[in-house]
Amino acid sequence: MALLEDGLRYMSSLADPRVQGWPLVDNPITVISVVAVYVSFVTTVGPHWMRDRKPYSLKPLIMAYNLGNVLASAYFAFQFFRYTYFGGGYSWACQTVDYSDSPNALALTRLAWWYLMLKIGDLLDTVFFVLTKKQSHVTVLHVAHHAMVVMTVWMVLKYACGGQNILTAAVNSCVHVIMYSYYFLSLMGPSVQKYLWWKRYITQIQLIQFV
């Protein structure tokens, strides 16, 4: 226990002082617990609970969720680029982290905290799969991706909020606008689905962002 406490104190000493005391950021145990509960529910607890139940009809809720994610992702993409590459003087080639208390740096840090909240909210993707009994969609890759995104965003916010890290979040937000737009439109029925020929490019776009 003493070794764990020493380790936590050391990690805390490396953290960005601007986020000290922030909810879900100050202590790694909190965000780890969120991810652990998520993984446990979507892989074990949820499927067991749904085993003898009919799938829930969540179409209106999922449509609202998808539309909300489109709007939120568009907002984050705009703001990330606004505070960095198109207004913040960021270099596209190599940009170091600005740990100062300048208005721009602080605004970007606050924005990153809300981005973490959005990524935690993205965990609902998998929860909806479980509740609608689409367990085949809950692959190891899917669960690991969502869990790692939350932990990665947390670590960036905690230790290195800014710099070239923001480009990843900005691009991811743009990709999510496309993804969740498709998810939203595909639930509107055959009359709309026939126009979603661009579905084939979504996977390619996702792979490009990882590169």
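Just so it is clear, glycine is given a Cβ too, placed from its N, Cα and C backbone atoms.
Note: TrEMBL annotation is automatic and uncurated.
Source: prediction; values computed, not measured.
Copied from TrEMBL, the annotated features are:
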type	residues	note
TRANSMEM	29-50	transmembrane segment
TRANSMEM	62-81	transmembrane segment
TRANSMEM	112-131	transmembrane segment
TRANSMEM	138-160	transmembrane segment
TRANSMEM	166-185	transmembrane segment
Tell me, please, if the transmembrane segment (62-81) and the transmembrane segment (166-185) are in contact, taking contact as 3+ Cβ pairs under 8 Å between residues separated by 6 or more positions?
yes
Give me the stretch from 29-50, 112-131, 138-160 with the greatest number of Cβ pairs under 8 Å to the transmembrane segment (166-185).
112-131
Restricting to the same chain and to residues at least six past its boundaries, which positions have a Cβ under 8 Å from a Cβ of the transmembrane segment (112-131)?
19, 22, 24-25, 34, 38, 41-42, 46-47, 50, 55-56, 58, 61-62, 65, 69, 72-73, 76, 80, 137-138, 142-143, 146, 149-150, 153-154, 156-157, 161, 166, 169, 173
